[in-house]
Amino acid sequence: MDASTATATETSSPVRFDLREHPLSIVFPGLHEPVQRRCFNHSNSGICLLFMNSSVALHVLSSYGLEPDDLARLEASVLHLTSLRNRPQQLLDPTLRWLPLQATCSFFRQHGGLPPDERLPLTELAAFDMCRRRVAWASMAAAEEEALKQRCGGSYKLLLKYLLAGERACDRREKFQVVAGPGFSIAVTSNGEVHTFGHNHSGQLGHGTLSNEETPRLISIKTPVLLESLKDIFVVQATIGHYLTAILSREGRVYTLSWGVDGRLGHNTDATDRTPRLLSGVLEDKPVVQIAAGNCYLLALAFQPNGMCVYSLGCGLGGKLSHGSTDDEHHPRLIAHFAILNLQPIALSAGSWHAIALGKDGRVCTWGWGHNGCLGHGDEDYQTLPKVVKGLSHVKAVHVAAGLCTTFVIAENGDIYSFGRGSDSNLGYPPQYGHRLDQLTPKLVTSLACAGEKIIRLSATKEHEAAGHTFAMTESGKLYAFGMAIYGQLGIKLLQDQNGTSSPQRVDIDLS
């Protein structure tokens, strides 16, 4: 199961403007008396407030959701701010007419003359401004900031790109989270409260007892114990697979612990070693934005200036390391097949025996064991290389989740698709009696329409036979659960003769 511990302070979608169509009162609130300026010896003059004051330009660049790549393009070409597609039309003034805004790239490359470094161009200063608003940035010393910037490629634009990539891959933009664990569940609200419920045979619910909990129960702050071995690491994500645990630091370094047999975790220690060790190999020099663990294997989504790449290590049974074979890997190895597919991965999810990757273009790839049709390719064959799911070619995916032989995909329009093992009733639709329970290709989940709003994230359990369950979270913080509930892991009260539900049910907790 995965848990991301750092969230971003900004959750709104990027706002983009077309200055040829919208008034300056929208783009530059509170500013008046624009000046006329001729650009590129053009015969028509244009309104160009940006040239009036560097502080104004910096405010615009850092406050309106420009992407790092947008900032880089401003230095290299003529300024054409992109269209504003989602802004309410009633905010626009139809009486104002527009002249094109153009500006030479030299304006954005010149020294900004502003702190913290007057020699930096405005685009770098804007990226710095956006970096320091991130939660992970708040406690960093100057030397740590500089070290991380150099690790990401030497510029604040690349550093911002790295931070944003991590937020998006791990859903750290969301202020609440829910994890479907092996027979138990964890819910974290936006105010930091942690609720647990379900199986508690080892005290994993954190309440000081061994009793199961059928509904969410708040953990007392006195119960958890600080992990001394991690106290000097700023943790942004933790992932737990079968026999292994991995930690991701703010600086993009991966630490592993448990089950170091045969060097499968990238460090040569014995199986009793309980100290987190830095993952050795190629990832020591590459910042990682997301990690995902399954049954004895680990995936890492690594940042590089021109895009993202995926590394894997551990047990290769079933082809789940995605290198074209079933061999084990003792150290991180690049999954090269994404380049052949011309797919740039931006998020990962590791199930027990299979994995799924989300591409920047919205395509979805799966690989590993194909039990119960969990790869979505219409059969149960295993795949040793990433393979695009053809059944999702008509949608642009924005979120993926893999569980124990189950797979879920959220499309850009809010539709949800699932496929794989249906015997635990945790695919989101009722079984059709007389038909096979498993779903070999993606199928639209219509039952979650009961939420009445957009589902933004799903979490599926990766372990525990006959106890699989799934959670769906809405934009407003509502939580829905479906699947098996023999330990109370759904967080809802069922009838005495029920051991689960295939229909999503509202859990009595407000995540917002």
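In case you wondered, yes, glycine gets a Cβ from its N, Cα and C as well.
Those TrEMBL annotations? Automatic predictions, nothing curated.
Keep in mind the model is a prediction, meaning the values are calculated, not measured.
For 173-508, the entry in TrEMBL reads domain 'RCC1-like'. Here TrEMBL flags 192-251, 252-304, 308-361, 362-413, 414-471 as repeat 'RCC1'.
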Quiz item: How do the residues of the repeat 'RCC1' (414-471) split into helix, strand and coil according to DSSP?
Solution: 5 helix, 20 strand, 33 coil
Quiz item: Which residue counts does DSSP yield for the repeat 'RCC1' (192-251) in the helix, strand and coil classes, in that order?
Solution: 3 helix, 25 strand, 32 coil
Self-check item: Within the repeat 'RCC1' (308-361), residues counted as helix, strand or coil by DSSP
Solution: 8 helix, 25 strand, 21 coil
Exercise. Could you tell me how many residues in the repeat 'RCC1' (362-413) are helical, how many are strand and how many are coil under DSSP?
Key: 6 helix, 23 strand, 23 coil
